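Data block below; observations after.
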Amino acid sequence: MPAIEQLGAATRTSSLWSPDKVTVIFVLGGPGAGKGTQCAKLVTDYGFKHLSAGDLLREEQDRPGSEFGEMIKEYIREGTIVPMEVTIQLLENAMKAAMDKENKTMFLIDGFPRKLDQAHAFERSVVPSKFTLFFDCPEDVMQERLLERGKTSGRADDNVESIKKRFKTFVETSMPVVDEFESQDKVVKVMATRSPDEVYEDTKKGLKERGIEPITLKFVKTNA
Ligand code: ADP
Ligand code: C5P
Ligand code: MG
């Protein structure tokens, strides 16, 4: 089945799901801030479904027969933002699959929305977010992390030239999204410069303040 059958998601005039039933936390931060690293930790402790918009785009890019493959490749290499219709449809499809197959209702949407139009369209036509987890990190730290990641990631954009373009896009296009959510008191900001475990401690604190707690596993003693 193609990943994108029709690009209808972004044009719907009412939301597909209610925020009472489906919880979406957007995860934002510059390239290399540690979004994916922190999301992996949150999945283990909170049972979220983690969906990275970048991963979904790379998957679609590599899907044989995709009519969007070449376009996505170009955008990723240039560090610019793929038109929202494609990304929103990929996210909606992945959310539906996780609901149907894994009974998931709590989502970390990582690396999205990276542009104001994406934020507005997703909240209008898919589901309004609960809040945004924002990892704040200076560019020199992010650059060092990305170059280190680039030694093994195989990514076409973990190189100095693409990184520069991605930083520019982040400042000019993606930060306005964070600023808008901030003005609605919908941002949990975490400093992302310390070690992954230290950043995670602050992340957990931030989620707790918004009423999100880890899953507590209950062990029932048996006589066996
Ligand atoms: P993002 O998803 O925001 O682009 P990643 O989670 O992929 O970032 O992290 C980028 C790189 O930096 C990875 O190689 C990761 O292992 C490393 N990294 C992530 N968080 C930290 C941290 N707090 N300190 C040092 N390195 C980190
Ligand atoms: O989040 P990640 O670093 O994996 O994203 C890689 C690239 O994918 C971005 O630089 C951008 O070109 C593209 N992307 C996008 N729209 C998103 C997320 C990622 O165009 N919402
Ligand atoms: Mg990532």
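A Cβ is built for glycine as well, from the same backbone N, Cα and C atoms used for every other residue.
Marked as ATP binding site by TrEMBL: G32, A33, G34, K35, G36, T37, R149, R194. If you take the C-beta of T37 (ATP binding site) and look for same-chain residues 6 or more apart in sequence within under 8 angstroms, you find P196.
Counting residue by residue with DSSP, the region 'NMPbind' (52-82) contains 20 helix, 1 strand, 10 coil. According to TrEMBL, the region 'NMPbind' annotation covers 52-82.
The annotation ribonucleoside 5'-phosphate binding site is assigned in TrEMBL to R58, T80, I81, V82, G111, F112, P113, R114, Q118, R155, R166. In the three-state DSSP reading, P113 (ribonucleoside 5'-phosphate binding site) counts as coil.
TrEMBL lists 148-158 with the feature region 'LID'. Within the chain carrying the region 'LID' (148-158), a Cβ under 8 angstroms from the stretch's Cβ atoms is held by residues 31-32, 73, 76-77, 79, 166, all 6 or more beyond its ends.
The 10 Å shell around the Cβ of R149 (ATP binding site) contains 14 further Cβ atoms across the protein chains shown. Q118 (ribonucleoside 5'-phosphate binding site) falls within a helix when secondary structure is assigned with DSSP. Here the CA atom of A33 (ATP binding site) lies 16 Å from the CA atom of P113 (ribonucleoside 5'-phosphate binding site).
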